[in-house]
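Trainee: This is the structure I want to talk about, given as structure tokens.
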Amino acid sequence: MAKKSEKPDWVVLFSTTIAILVWIPVSAQPSRTSEPLVIPRVVSRMYLSPDELRKLRFKPTVGTIQLSEGHEAKLNCSIEIPDTRLEPAILWVKDSKELSPNIHVVMNELHSITDGVSTLLSTVIIKHVQRVDAGDYRCRLSISNMLVESDPISIRVEAQPSGTSEPLVIPRVVSRMYLSPDELRKLRFKPTVGTIQLSEGHEAKLNCSIEIPDTRLEPAILWVKDSKELSPNIHVVMNELHSITDGVSTLLSTVIIKHVQRVDAGDYRCRLSISNMLVESDPISMRVEGLPTFVKQPEDKNVTIYTPFTLSCEAVGPPGPVHIRWFRDGSPYTEVFSSPSNFSVPGVDKYTRFSCEANNTKGITTSREAHVNVKVHPRPPTHVTVTERQSNKLTLSWTPGHDGFSPLTTCRIRVREVSRREGEVTTTRFINVTVPPFHSEVPGLQAMTKYNLSVSCSNEQGASPNSKWVESNTTEGVPSIHPGNVTVQLEGSSLVIEWKPPPSDKINGILSGYDVIVRYGTRQKKVHSLTTWTRVAVEEFNKTYSVEVAACTQAGRGMVSPRVELFVPEDKSTVRPSSGPETAVAHTNHVVGIVICTVFVLLIILSGVLYFRNKAYDSCFGQRCRDEEMLPPVIQYTQQRSYNRSAIGVTLENLGISEELQAKLQDVMVMRTLLSVGKVLGEGEFGSVVEGHFTQPDGTSEKVAVKTMKLDSFSQREIEEFLNEAACMKDFNHPNVIKLLGVCLEVGSAHFPKPMVILPFMKHGDLHSFLLRSRHRETPMFLPTQTLLKFMVDIASGMEYLSGRNFLHRDLAARNCMLRDDMTVCVADFGLSKKIYSGDYYRQGRIAKMPVKWIALESLADRVFTVKSDVWAFGVTMWEIATRGMTPYPGVQNHEIYDYLVEGHRLKQPPDCLDELYEIMYSCWRADPLDRPFFPQLREMLEKLAEKLPESSSRDDIIYINTSFPEEDPDREAFQAEPPVLSSSPCCSRMAAENTVVTADIHGSVADDQDDGSDRYVVVISSSAPPRAATVDTPLLSDDSLSQANGTSATAMDHSLYDPAFML
């Protein structure tokens, strides 16, 4: 006992820190208050008597510490105060100057209470001691106007030994042999407080301590929460104190959590790892209670009047249970629900506000207000403005009014010509536009004419009132018809040229005269005339002179008339007539005789045509048609020797084409003489594409691709539908939509008209073949994501243009998109492809082909095609581009496609496809068409994604490929399906006959290794298909010819080629 009493006082002090100490406010936070419960820590000085003050002394210190530079110094001092209500702070001074904590000096202070005595323990840790840290350190305590100071602790700092830069290291981690197995088994943390319950916003302090019977070991205590390591941060502060008493090391660790939140609730433990042994304290369970917290709050809704709807509200504790009360326009409902609550509202007839209130034993929390709006008709548009004026169209923009709490889907433009005379009645046209965007072109207008325009927009509730009328006028244009009946006569040494002016409604402005172009040899002369005739001097004889005439306005020169040629001989007394039907020659008896003979022959041919036409109608409608072999051809055509617009008109009239359609075709039909054809570029069973040169009105020649059909005869209905599609395509003017250059009818071997369509020549071919070649040529070409996205944006832009004009493509795929010379993608093979080129996937009459793997789910089920069906096909086309030309749904047979899609399966994400790109792609395949985006949205999303990607380093990195080798076309099988039933029909597309039976071609892909022989088309057998071929009311084909044609089409396989060097 005597030996024990000789222990220094500071040893006794450290022994008091062994017990676990926790100070924490345990009272629950009062309802509706954020102030924590506060316990006073500073008390009046009267608690210590003068005798007690005189006895206050710091425990003895270590005296002197000697260490080398770079080491760490720890200084401790402690004092006992005989009143537990006093908690004064210890102040450290160095050489009589106050020492403040900084990045180099760390201070910790611990206050503990044992047997009614408060013990203050303060520690200073100096990291990486430098020479400037040498000096005398003391602790000071000010209490009851008395200053208590400890003995000094002198620090002496020695320089590093010469020849080494390493600091003197004193081992702090000793080998495991210092603790015996028995000592390791006895290592235990002191008991903890067990459970702590407190309110949000308070501060929590958690302590744990352990004694280690070897002073040379200084392991660190690790805190864990719910078995996960707890790290210090701005919210959690950790302090650790290491003291030595009587040869025993004591580790004391403290965690302070400021402003406790719900997430801080859990089980906290201390862990110590020593000699391969893990020692863990008992858990300290922290429960945090507070006001209810909302997990789900009521959301805003737009509803139809008196339509039921449901609102949801959910809140959680602790403490529980949590109850929900609903409010309507600030007034509470009497019924109280348990959380979560789904509140059913039978309907509203006006704007209404809903909220919910959650309460528990801690108090009440109120949710946000949900605004419920009643859907109504939209307000009329404003700021209707004409942004661009042309001779035949206006561009209109407007600002939509309030949408009536329902998205605007369409807008209707009213167009009315301003009356030129009082009392004149003018018709009103209506143009439907899909919105957004809120602008559109108004086509089909007359030049230099005033128009009134108004706009109305619709949502699901109906249409808005019309906007105010806006007046605007079209500009002056050039004549759309060339002068007619051009004649040339030689009078002496001059050419006398005469012509008839174009119709007044086709001048498109104020006529300012005529340009007469005269060519002979390599020379050219232009004469401007204000009348309908002019005289041009002959400068060279023994030459052929060609003459063209064009009407002019202030806007420019219009269409040029076909060339009329006249040979001027050396001997002026004789003149050879021109090759044109209207060419006039010198006044000689010989020439007059030739003209009379020509007119006589034409009259005979016209009489024959009218005779056989009437006879065909009588035989077909009066009685059953006789065999085709017994009748001569219904219509015979003779080759026109020069261009004459009236010849086309006669041909169309003989075909039974309506006057309305003839008027639309004025700018589409061209004379066969303006087109010269060359080698065949590609050939299928029913159609072919040939290279050609098309002569423009100004005399220049353009290289073109010409689509033709191999069949020698076509019904009136087939030709009329073909011409109707051509009339619609003529107005397409977009960089991502292929441009129709013209259409002509060629007389075949049996004197039947054969349609020919003239399209731009594109050497790079179709996009699908281009993608395949990038993967399968000898040296594969890498196409970066930027290039593939550019292809997708181009297609989306083209389809946005088409859908904005209510035009359905119905066969959108990579194979039907073409690449221009500048690698811009344009949409092709719409409308005309299903009429004139059986190698594609639609056919008139008995057979129609469908690209099943590109067809939307609802189209496969109900044969309904809408704009959203094209969106589905666009998603598949994006997948083709992302996979560089792979066949969709590899391994899935065509007859399995419908069930495959109904089960929820879709095309998988390509390996190198961006997640954001696949999300856009996947949105096109949503089962409900209303959930799919429109083409303007798709274009914007793709453009934004493209902007995020870095630009390619050079153009050579993006695109270049040799397109001289065509892709092989796989074998196909023919199946039958029902004809499509169209909704939201395009303005120029017509339905097939009611008895049409649909078949589908099957295409394998020899170039795609992942395609296991599955084909692009599925078979649907029509239960209502008639057993006989569909008849067509036309005088051009007999029953036998039609049956033979249909039979051939039904049994033959289509082997059309995809050649990358031309347009398909």
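Cβ coordinates come from backbone N, Cα and C, glycine included.
All annotation found in TrEMBL is predicted automatically rather than curated by experts.
Remember, predicted model here, so these are calculated numbers, not experimental data.
Below are the features listed in TrEMBL for this protein:
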BINDING   Asn816, Asp829  Mg(2+) binding site
DOMAIN    60-154  domain 'Ig-like'
DOMAIN    191-285  domain 'Ig-like'
DOMAIN    292-373  domain 'Ig-like'
DOMAIN    380-477  domain 'Fibronectin type-III'
DOMAIN    482-571  domain 'Fibronectin type-III'
TRANSMEM  591-612  transmembrane segment
Trainee: Taking the Cβ of Asn816 (Mg(2+) binding site) as centre, how many other Cβ atoms lie within 10 Å?
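Mentor: A count of 25.
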Trainee: Which number gives the other C-beta atoms within 10 angstroms of the C-beta of Asp829 (Mg(2+) binding site), all protein chains shown included?
Mentor: 25
Trainee: Please list, for the domain 'Ig-like' (292-373), how many residues fall into helix, strand and coil according to DSSP.
Mentor: 0 helix, 51 strand, 31 coil
Trainee: What does the DSSP secondary structure composition of the domain 'Fibronectin type-III' (482-571) look like, as residue counts for helix, strand and coil?
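Mentor: Its residues fall into 3 helix, 56 strand, 31 coil.
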Trainee: Look up Asp829 (Mg(2+) binding site) in the DSSP assignment and reduce it to helix, strand or coil.
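Mentor: It is coil.
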Trainee: Using DSSP, break the domain 'Ig-like' (60-154) down into helix, strand and coil residues and give each count.
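Mentor: Secondary-structure composition of the domain 'Ig-like' (60-154): 3 helix, 55 strand, 37 coil.
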Trainee: Going by DSSP, is Asn816 (Mg(2+) binding site) part of a helix, a strand, or coil?
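Mentor: Looking at the DSSP assignment, Asn816 (Mg(2+) binding site) belongs to a helix.
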